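**Q** Take a look at the following structure, please.
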Amino acid sequence: MKTNLLNYDLQGLTRHFADMGEKPFRAKQVMRWMHQSGAQNFDEMTDLAKSLRHKLNEQASIEIPKLMMSQESSDGTRKWLLDVGTGNGVETVFIPESDRGTLCISSQVGCALECTFCSTGRQGFNRNLTAAEIIGQLWWANKAMGVTPKNERVISNVVMMGMGEPMANFDNVVTALSIMLDDHGYGLSRRRVTVSTSGMVPQMDRLRDVMPVALAVSLHASNDEVRNQIVPLNKKYPLKELMAACQRYLVKAPRDFITFEYVMLDGVNDKAQHAYELIELVKDVPCKFNLIPFNPFPNSGYERSSNENIRIFRDILQQAEFVVTVRKTRGDDIDAACGQLAGQVQDKTRRQQKWQQILIGQQG
């Protein structure tokens, strides 16, 4: 079987070329061809010796996930569905803004966690994505979006906030991050690459040590009672442990704050008392809040908080001198908004079946 070179960061490529008896600089050349020029085969790599190209064609490949579907929202948001084999597809979303272009990347086929308000979680879980399948999303988006009139890349920021829990696919995510940051890859700044987690504490510590990029934490609750219900991972890593991990992460983080993401669920976590509890919870963690109006999906069982409740919640946090943004809903007409990504998941957990049985029971 041929080796897919998209699975390697520069260190891995260098080892691979050493095993082939080639000099280390070949790794940098090939990496630039793949990620900066968008090369899909070795014959395009004209500065490589013909003998090396022949050897690479025999032993290696550049396998990028196939594009199944592309959609564009009325607000300019774009979504791609990529085929990752065996009936599975993952979604990637590009969000244009006046000062930046952000790509939201998936890390798993489905999600192993079961956050109750998330469409991806309802789809169940099939497998982790390979490093090639993760970086392949940026490859596709980069090819589709091109460059600005000033010859700058349209994609300036990457957030690991698509399908899946990135920390549960740690090694492959770190390899993909390494390619994103490498000057021979995409040359992104650590400050402009964000990994989001629901709170896998040991992996947060590992990421801090090996690849400290910006960190976002899917918080969504101000106390353990509520969070246990809507983010079941909290039963393993409760809020006290999570806050301590956030403090440790900041020691090496490229930004001097953690972003806490908080989906606003009507009657669940959006009362004034929850805002005051949040203030107490995060008092020792430099942070900013991103309030996310819930994006409905069929049979979710939740409603979006009213604009008034969101405003009151925001004002309480701001009065306590926190930076607070209320996320604009982008791409909801193509199901590309936060919490709506579902892709195509051949579920191995029977979670889809479980939710169907619950719904049948509710309708009966």
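Each residue, glycine too, has its Cβ placed from N, Cα and C.
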**Q** Kindly point out which candidate in SER178, SER189, SER196, SER306 is recorded by Swiss-Prot as part of the S-adenosyl-L-methionine site with GLY164, GLU165, SER218, LEU219, HIS220, ASN295.
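**A** Given GLY164, GLU165, SER218, LEU219, HIS220, ASN295 bind S-adenosyl-L-methionine in Swiss-Prot, the matching entry from SER178, SER189, SER196, SER306 is SER196.
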**Q** Given a 10 Å Cβ-Cβ cut-off, pick out the one of the binding-site residues GLU165, SER196, SER218 that has the most other Cβ atoms nearby.
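**A** Its Cβ has the most other Cβ atoms within 10 Å: GLU165.
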**Q** I need the CA-to-CA distance for HIS220 (S-adenosyl-L-methionine binding site) versus CYS104 (disulfide bond), whole Å please.
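**A** HIS220 (S-adenosyl-L-methionine binding site) and CYS104 (disulfide bond) have their Cα atoms 19 Å apart.
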**Q** Which one, from the recorded positions CYS104, CYS111, CYS115, CYS118, LEU219, has the smallest tally of other C-beta atoms lying within 10 Å of its C-beta?
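**A** Sparsest of the recorded positions CYS104, CYS111, CYS115, CYS118, LEU219 by Cβ contacts within 10 Å: CYS115.
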**Q** Three-state secondary structure of SER196 (S-adenosyl-L-methionine binding site) from DSSP?
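**A** Strand, per DSSP.
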**Q** Compare the Cα of SER196 (S-adenosyl-L-methionine binding site) against each of the recorded positions CYS104, CYS111, CYS115, CYS118 and report the nearest.
**A** CYS104
**Q** Counting only residues 6+ apart in the same chain, whose Cβ is under 8 Å from the Cβ of GLY164 (S-adenosyl-L-methionine binding site)?
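**A** Result: SER106, SER107, GLN108, VAL109, GLY110, CYS111, ALA112, THR120, ASN128, LEU129.
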